[in-house]
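Q: Quick one: the structure is below, and I'll ask about it shortly.
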């Protein structure tokens, strides 16, 4: 199938100036952007990260792009081009590839990412989609997990929890919000929530050598977490605390910058959920005492 | 397994100057090289591209790196960093990942490529290794499939055919030879042999809008093609003509440059197998007539 499908793809992929040579040579030639190169890769597999019997394959394709876009946004970077690798079940391989690509091309168009190349295989196994996303950021200014400072404000975008009810297939990568914040404030550290708010925040804290004092009441609980709690018997808070695949961003910055961001035009998409402290770990204040909280989430 | 294995990997991966932020953040931060960015991705799967029951898993890891290095060499480019994605059978996932990485790290060390990041999943399926390789080339000077001109000399590196006897697991990507040729001559077009000499050369010709008049007697037949012919009943020539996974390079350049290359220190690794002609297709001369030849090889 490969040659004929590649010919079809070349027709479908819009040519964008960032790709000088795209699909069809031994490798892609990409016009360099200024700054450092940012690269990430994420793979999603039928039966693990989505269920093809229940979801449209275009949604799986969209998700594969969106979770990589979320990683790029979490670096404060701009995505420019993508390499797409599909491992396809032998039966109906071309049809499946076509449907997956509908979602990939939709996301590529929406976020102005060029499909620069990729690979296709058929095998005895479930559909697997691996996307490598390339982007750029001014040298020395990527948002790392390790950049948080003591007394930083800790903010989260959107609302969290219960994404398993369907949102996880069509996450909104926080590309636009990240770009706005980049202009407005100095973000010290960032991570995207793939495995759970508390677990990913714990990773950010560990990388930065700080802890966090939560204002747990302020955690923005998604309506889906409330709905899901009715089914699971767990509390909406527990779902917001530990559910994965929100693909929201956790950001730290000075309190002055946080106040500025919260008052800005994108402020309604941001919530301050605590501040960093010198003592490592996750904490909440009860009266005059700090009580330790356990990070929870999806462990690979 | 992911977190502990990533911690192990961070320890094993040498830090190279090209990667500012490697494994362990949302994305890698790569120090830009001058020139255009070159990017390719190739996936190999147990049961399709190797057989884990027969081969060492380290060889599969090495192969996944080498075939991507071959693609980068076929662009006349230099590889700098890699993103590695593994889909692992649930059983013994960590052990398998460790063994695969032995071969990946060996190739990375040998060719000075930094492992910048990647992804790991476990699932109900065969081992799959997807590597994205990033490199660079001076702007406007990548060796494309489409660059061949009429009356170019057509050269092939090494000897071809019979790689299935074992060579395909430990191919020697023509990285050093490509670098030498880049200094010495002006390569017009190049492709690496993944699906068969005649099939890949046909692709180069089609992309360039030329044909080739073969000197079929000069095609450098590998000893493995002779060995394999004894088993298959086909001729050594047929194996050299159509076997895949040689990962040698086909190159075109002016006849004067070809003569220079053939007389140079790397000349013994090169063979001229024909010249390009205006008439499209693959041809050989019999007396005063041109006889058409059929491209053959591995069709996906």
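In case you wondered, yes, glycine gets a Cβ from its N, Cα and C as well.
Those TrEMBL annotations? Automatic predictions, nothing curated.
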Q: Given that TrEMBL assigns B:26, B:192 to the Mg(2+) 3 site, pick the one from B:59, B:71, B:152 that the record assigns to that site as well.
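A: Answer, per TrEMBL (Mg(2+) 3 site with B:26, B:192), from B:59, B:71, B:152: B:71.
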Q: Say we define neighbours as other CB atoms within 10 Å of the CB. Which of the binding-site residues B:26, B:42, B:49, B:192 has the fewest?
A: B:49
Q: Tell me, in order along the sequence, which binding-site residues from B:41, B:49, B:119, B:245 have their CA within 10 Å of residue B:194 (ATP binding site).
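A: Close binding-site residues: B:245.
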Q: I'd like the per-state residue tally for the domain 'PurM-like N-terminal' (B:24-137) from DSSP, helix first, then strand, then coil.
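A: Counting residues per DSSP class in the domain 'PurM-like N-terminal' (B:24-137), I get 36 helix, 48 strand, 30 coil.
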Q: Give me the mean pLDDT over the domain 'PurM-like C-terminal' (B:157-280), rounded to a whole number.
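A: So the average pLDDT across the domain 'PurM-like C-terminal' (B:157-280) works out to 96.
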Q: Out of B:71, B:119, B:194, B:245, which binding-site residues come under 8 Å of chain A, measuring Cβ to Cβ?
A: B:71, B:119
Q: Which of the binding-site residues listed here (B:26, B:118, B:245) have a Cα atom within 10 Å of the Cα of residue B:195 (Mg(2+) 5 binding site)?
A: B:245
Q: Can you see whether DSSP assigns residue B:145 (ATP binding site) to helix, strand or coil?
A: helix
Q: If you compare CA-to-CA distances from residue B:118 (ATP binding site) to each of the binding-site residues B:26, B:42, B:245, which comes out shortest?
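A: With Cα distances computed to residue B:118 (ATP binding site), the winner among B:26, B:42, B:245 is B:26.
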Q: At the level of the C-alpha atoms, what whole-angstrom distance separates residue B:49 (substrate binding site) and residue B:42 (Mg(2+) 1 binding site)?
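A: So the Cα of residue B:42 (Mg(2+) 1 binding site) lies 11 Å away from that of residue B:49 (substrate binding site).
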